[in-house]
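**Student:** Among the features that Swiss-Prot reports, (6S)-5,6,7,8-tetrahydrofolate binding site is placed at Ser112, Leu113, Leu114, Pro115, with the record citing sequence analysis.
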Amino acid sequence: MKALRIVFMGTPEFAVGILDAIAKQNKHEIVGVITAADKPAGRGQKIKYSAVKEYALKKELTLLQPTNLKDESFLLALKSLNANLHIVVAFRMLPKVVWAMPELGTFNLHASLLPNYRGAAPINWAIINGETKTGVTTFFIDDKIDTGAMILSKELEISESENLGDLHDKLMVLGCDAVLETLDKIAHGNVVTTIQEDTSDIKTAYKLDRDNCKIDFTKNITEVYNLIRGLSPYPSAWCNFRDADQEFSIKIYDTKQEVLLHDYTIGSVITTKKEIKIAVLGGFIQVLSLQFPGKKKMMAHELLNGLTFSEFAMVF
């Protein structure tokens, strides 16, 4: 078995789970960690460390935070770590000078069954598009985004009630297994790769923005439901709310479907003392939790304790 000297590259909590699994296995040496530069965040614009940086500091791992991956001083520091393998989990696109540096190459863990859902938000889009299965794939990085030769993939089912947060956590566990198995294959020199086949029906995991996170209530009930759960809890689906002379945007987090014929105007908000429902094509979306401007995320019944909606309330 070849001794692996690993540089790990990642930023969010998803990457921490993988890094921790490698460290706890204690088979290979983590010689360095690369993560995003510190950025101000929140209303106070206080400097916030990435989840991976927090972990690296706690474990006293060598840490690099380049702003430019082609910077000469960074490349010298990276080379001095003398790694023979780089691992990437939820980081950024690497220049060839970085991914081609180690003897054994650089592999990435991607949270989809490639070649489907290449891109920035694979977990979200699998749910938004109503997929019933997804998974993770490890592959060697090349000069394009998520197109390299695949090492292995692992699959799991998506239930109709799971949201982004639920699936994220399941895929992180599955991703740990995939990365450890990939490391074992590389260390023993028995990797067999598969080339990704490009076909016309490949689905893409587009970057999420304000426009594609907006709820379109003219779509059918299942599409509306899937969008909301695919964006919950982050970045969250949103829509405009209007009642009487007030109009503002709200976030919707958790919902249920009620398939039922009705004659309400699409987007009508129907309330009881404990429930909020929205009329959509093919039924009602029951809102379980939501957030109004200037308020924290609340359960629907909590919001209704202090707020009355008129019969003309609408979302759009």
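Backbone N, Cα and C define each Cβ position, glycine as well.
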**Student:** Which number gives the other C-beta atoms within 10 angstroms of the C-beta of Pro115 ((6S)-5,6,7,8-tetrahydrofolate binding site), all protein chains shown included?
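**Tutor:** A 10 Å sphere around the Cβ of Pro115 ((6S)-5,6,7,8-tetrahydrofolate binding site) contains 20 other Cβ atoms.
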**Student:** For the binding-site residues Leu113, Leu114, work out the Cβ neighbour count at 10 Å and name the residue with the minimum.
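**Tutor:** Per-residue Cβ counts within 10 Å for the binding-site residues Leu113, Leu114 bottom out at Leu113.
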**Student:** For Leu113 ((6S)-5,6,7,8-tetrahydrofolate binding site), name the DSSP secondary structure in the helix/strand/coil scheme.
**Tutor:** coil
**Student:** Restricting to the chain of Ser112 ((6S)-5,6,7,8-tetrahydrofolate binding site) and a gap of 6 or more, list residues whose Cβ falls under 8 Å of its Cβ, or answer none.
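**Tutor:** For Ser112 ((6S)-5,6,7,8-tetrahydrofolate binding site), the qualifying residues are Arg118, Pro122, Ile123, Ala126, Thr134, Gly135, Val136, Thr137, Ala205.
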**Student:** Can you list, in sequence order, the residues of the same chain other than Ser112, Leu113, Leu114, Pro115 whose CB lies within 8 Å of the CB centroid of the (6S)-5,6,7,8-tetrahydrofolate site?
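**Tutor:** Everything else in range on the chain: His110, Asn116, Tyr117, Arg118, Pro122, Gly135, Thr137, Asp146, Ser153, Gln196.
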